Amino acid sequence: MEGVACASFTSSASKSLSFSSLSQSSIITLRQNYHNNTLKSKSPRKLVIRASSGSSSGSVVTLLDYGAGNVRSVRNAIRYLGYEIEDVRTPKDILNADRLIFPGVGAFASAMDVLTKTGMAEALCTYIENDRPFLGICLGLQLLFDSSEENGPVNGLGLIPGVVGRFNSLNGFRVPHIGWNALQIAKDSEILDDIGDRHVYFVHSYRAMPSNDNKEWVSSTCNYSDDFIASIRRGNVHAVQFHPEKSGDVGLSVLRRFLNPKSQGSKKPTQGKASKLAKRVIACLDVRTNDKGDLVVTKGDQYDVREQTKENEVRNLGKPVELAGQYYKDGADEVSFLNITGFRDFPLGDLPMLQVLRHTSENVFVPLTVGGGIRDFTDANGRYYSSLEVASEYFRSGADKISIGSDAVYAAEEYIKTKVKTGKSSLEQISKVYGNQAVVVSVDPRRVYVQGPNDVQFKTIRVPKPGPNGEEYAWYQCTVNGGREGRSIGAYELAKVVEELGAGEILLNCIDCDGQGKGFDIDLIKLISDAVSIPVIASSGAGAVEHFSEVFMKTNASAALAAGIFHRKEVPIQSVKAHLLKEGIEVRI
Ligand code: 1PR
């Protein structure tokens, strides 16, 4: 029945549909897959289509946003390139699109559910079968396959043979796969022509694998634990597993080539070099309102952000949007904003912070993380806001990831006490809706010296230099409220628990090293990055380029973050990267 419905659309459509690059046998194969895939549906839908010439002009792009998450970055990138966006509201809008972008977000099963219930699944199949210009991004690539193991097996659109499976973390590869990787170009794909051996940004836990059955589709692969499909192309149909909207200039060129293929000269694609996941260099902006009421970038010494003067003012190192834009141009792989007074001020009342995100995301095309104040909150009028609502507002305003500090500590303490996952903590709720990869836990530990490992119930390390009273061991005590309150949980215990509760990444600060410029706390970073299988961002203490190579050589950190040296312009980001390259450490250039 489904096949008949699609066929009748094809013959009756008034819009001329091009079958330029799909042979008749390919179309039959595609239909067969979709047919098999939907046979289980209880009441086969018959799509009534009135194809029109559509309202799209050359500068209009149709965007399929089914409301499951944040596609603001994609919107920003399309607008930045000078195009207007028309949103899909009905299946007909898909069929009438001149150029369709499908940035899949959220989980595979819920996306398929929405697409099927709204009739969009069938419209998408028809659109793609008819070789209309299509660009799927991330989940927008995965949904084209037969099925996914994510909370499944769950049927996909069945247009491309293959099963989407989870990365295997057993070989020491951290899952999610977050960061910058280069591609192995398998065939001419036009939209990838400018990439060469430059890195693009990935963030995902599931991937499709190349096989004999789908080799006609695969236009590039990427290696992470094994070779997975980084992009597909068949005729006018493209999809990429990476995020072009978050891949800096090179990502914008992918979008530009899709949006306006004719304006771009065709190049012979250059083969990428073998690539591991590049180590990331992250610029962090601690943001707060100063005593005059202006939102400023500040920076502490061991978390004290006030000048040591009579006035005792909040240190002001610049304006958040300007600095973030500058770091993007300088080559930062990510930018993080930490709203450092978020623990006491309600972030949704802090409209300037949301404005900062909105403005930054219009011009910064690498991932943006925001943290501070993500927790449940009841305002002065008795209105209750869940942490999920707070996070959603951050996402809507342009964040790609949110970071949770104090609230993650409380959730971990509770879990250790009860051994029950309630599903109610901010960490669990946000990662369930937005995916683990969108949730960072920011840890603010302080080193506490002890005489022996049995002095505390927490994991200790033997310290290279004895403590003030000759102590040979130390543990790392977690704190909340910007380091003001020490808690009865170690960073090691916290890291393991938050991974279980759904964190996708750990931002590992260190109060002792913060702002000191003497290097990262290698012992701490080694302890935590060896304890978990999610990526760890080393933070606090960078003072020279050598500190970055040291942390990457001596620990399993996936990224290194710095603040003071960048704000004070002591060390440019490019010098850090040049140094890392010289030391043989792969970075994005
Ligand atoms: O607890 O969920 O509201 O989150 C609050 C967030 O604000 C946490 O991520 C916490 O780390 C951060 N925060 C709170 N108070 C401060 C402070 O400095 N007074 N900043 C603070 C944490 C540490 C790093 C810093 C690095 C690198 N700042 O973000 O950027 O240490 O600095 P460096 O390179 O200059 O050494 P919640």
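Cβ coordinates are placed from backbone N, Cα and C, and glycine is handled just like the others.
Sequence annotations record features per position, and here TrEMBL assigns domain 'Glutamine amidotransferase' to 63-257. Annotated active site, for GATase activity per TrEMBL: C138, H243, in sequence order. Sequence annotations record features per position, and here TrEMBL assigns L-glutamine binding site to C138. Feature annotation from TrEMBL assigns active site to E245, D286, D444. According to TrEMBL, the substrate binding site annotation covers G373, N509.
Feature map: TrEMBL annotations on the structure.
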residue : record                           : DSSP class
C138    : active site, for GATase activity : strand
H243    : active site, for GATase activity : coil
D286    : active site                      : strand
G373    : substrate binding site           : coil
D444    : active site                      : coil
N509    : substrate binding site           : coil
Cα distance (Å, whole number) from G373 (substrate binding site) to D286 (active site): 13
Recorded positions close to ligand 1 - of C138, H243, E245, G373, only those whose C-beta is under 6 Å away: G373
In the chain carrying E245 (active site), residues 6 or more apart in sequence that have Cβ under 8 angstroms from it: S73, V74, N76, A77, P103, I137, G251, L252, L255, F365
C138 (active site, for GATase activity): nearby recorded positions from G373, D444, N509, Cα cut-off 10 Å: none
Cα-to-Cα gap, N509 (substrate binding site) vs D444 (active site), nearest whole Å: 5
